[in-house]
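The block underneath contains the structure these notes are about, expressed in C-alpha cells.
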Amino acid sequence: MPLSPEQQAEIDALRAEPMPTLRATVPGIEAHLYKAVPLLDHGFVRVIDYMGDDSAICQAARVSYGKGTKSVQNDEGLIRYLMRHWHSTPFEMCELKLHVKLPVFVARQWIRHRTANVNEYSARYSILDREFYIPEPDALAAQSAINNQGRGEALQGEEAARVLEWLKTDAMRSYDHYAEMISQDGQQGLARELARMNLPANIYTQWYWKVDLHNLFHFLRLRADSHAQYEIRVYADEICKLVADWVPFAYKAFEDYRLGAVTMSAQMVDCLRRMLAGEEVTEENCEMSKREFREFKAMLG
Ligand SMILES: Cc1cc2nc3c(=O)[nH]c(=O)nc-3n(C[C@H](O)[C@H](O)[C@H](O)COP(=O)(O)OP(=O)(O)OC[C@H]3O[C@@H](n4cnc5c(N)ncnc54)[C@H](O)[C@@H]3O)c2cc1C
C-alpha cells in the first residue's frame, strides 16, 4: 500500500483547508492537489504545488500587465504558435512540483533529466521501507530479439515462476540483512549510509521533483514514448494526464506538435516530395542508411 492511514489523514487535512489567493489557480489541477495516484506496486505520484496556467504562458509571451487574455481562442492560438515554432521560454513560466515514489532503477533514468530540482529521501538519515518493485506477470518480459534496449513477450510457465520467486526472495534476503546490519540490538549497528549498499535496485525511493513546463514536456516527450522503459512510462503517462488537467491548451499543443509529431531529416523531406510527385523511392535511391529508411517508412505508417 503506497500510503499509510496517517499519511492519508495528513493529505485529507491539507485538502480540507482551502485558502484564498490572488494567484492564478486551475480547478483541473486543484482537484489533484496532494492526492497520491498509485503506480506500479508501491509507487505513486502526487501534485504538491503548481505555478501558472495557460494564460501565464500568454502573459509572459506578451509581457502583459494584466491577465493578458484577448480571448480564449487568441490564447490557444498563441500557445500553439509558440509550441510549433519552439518559442520555449514562455512555457518556463509555469512550474509543477511533484512528490514521486519510484523504484531506484526508475529513479536512475529519471534523474538524467538535469533541468529539474530534486530532493530525495535520505537513506543515510532514515531507514528504507521493505518495499520492492516486483513486476506483474505481463510485465515480466523476455529480452527483445530485435532491440538490445527493449523487451519482448512475457516470460511463461516455469521460467516466469522461477524468476518471480528469485526477485522476491533475493529482495527479502537483502532487506533482512540490511535490517540486521543496522540493528543496534546488542551490537554497534552499521551506519545506514553503508548498510543500504546491500539493497537491490528495485527498492523504492521517494523525492520531491520540481520542473518548469518546457522541461517537463521534454521529459514527457522522451519518457511517455513507446521506446521508454515500461516502468518509467507509467509515471510519464500519469503526469501527462495531470498536465492535461492543468494547462489544457499547452498540453494539446504538446500532443500535436511533439508527442504525436515526427522529425524528418532533409533527406526524408526530399524523399517525401519525390513520392508525392509519383516517383518510387527505394532503399537504393533514397540516400539514407538502411535504418533511417526503415524509420522513414515507419513514420509514414
Ligand atoms: C529511450 C531512452 C534510452 C536511453 N538510453 C540511455 C543509455 O543507454 N545510456 C545513457 O547514459 N543514457 C540514456 N538515456 C538518457 C538520455 O541520453 C538523456 O540523458 C536523458 O533522456 C535526459 O535528456 P536531456 O539531457 O535532454 O534532459 P535534461 O537533462 O532535462 O536537459 C534538457 C535539455 O537541456 C539542455 N541541457 C541540460 N543540461 C545541459 C548541459 N549540461 N549541457 C548542455 N545542454 C544541457 C539540453 O538541451 C537538454 O536536451 C536514454 C534516454 C531515453 C529516453
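Glycine is treated like the rest: Cβ placed from N, Cα and C.
It should be emphasised that the depicted structure is a prediction, and the values quoted were computed from it without experimental measurement.
Going by TrEMBL, these are the annotated features:
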type: BINDING; residues: T89, R112, H113, R114, E120, D212, L213, H214, H218; note: FAD binding site
type: BINDING; residues: Q109, W110, I111, R112, E120, Y121, S122, A123, R124, R196, R223; note: dUMP binding site
type: ACT_SITE; residues: R223; note: active site, involved in ionization of N3 of dUMP, leading to its activation
- Message: Spatially, and counting Cα to Cα, which of the binding-site residues is closest to T89 (FAD binding site)? Options: Q109, I111, S122.
- Response: I111
- Query: Taking Cα atoms as reference points, which of the binding-site residues H113, E120, L213 is nearest to R223 (dUMP binding site)?
  - Reply: H113
- Query: In angstrom units, rounded to an integer, how far apart are the Cα atoms of E120 (FAD binding site) and I111 (dUMP binding site)?
  - Reply: 11
- Go through H113, R124, H218, R223, our binding-site residues, and report the one whose Cβ sees the most other Cβ atoms within 10 Å. R223
- Candidate with sparsest Cβ neighbourhood (10 Å radius) among I111, L213, the listed binding-site residues: I111
- Here are some binding-site residues: T89, Q109, S122. Which one has the most Cβ atoms within 10 Å of its Cβ? Q109
- Query: When the Cα of L213 (FAD binding site) is compared with the Cα of each of the binding-site residues Q109, I111, S122, R124, which one is closest?
  - Reply: I111
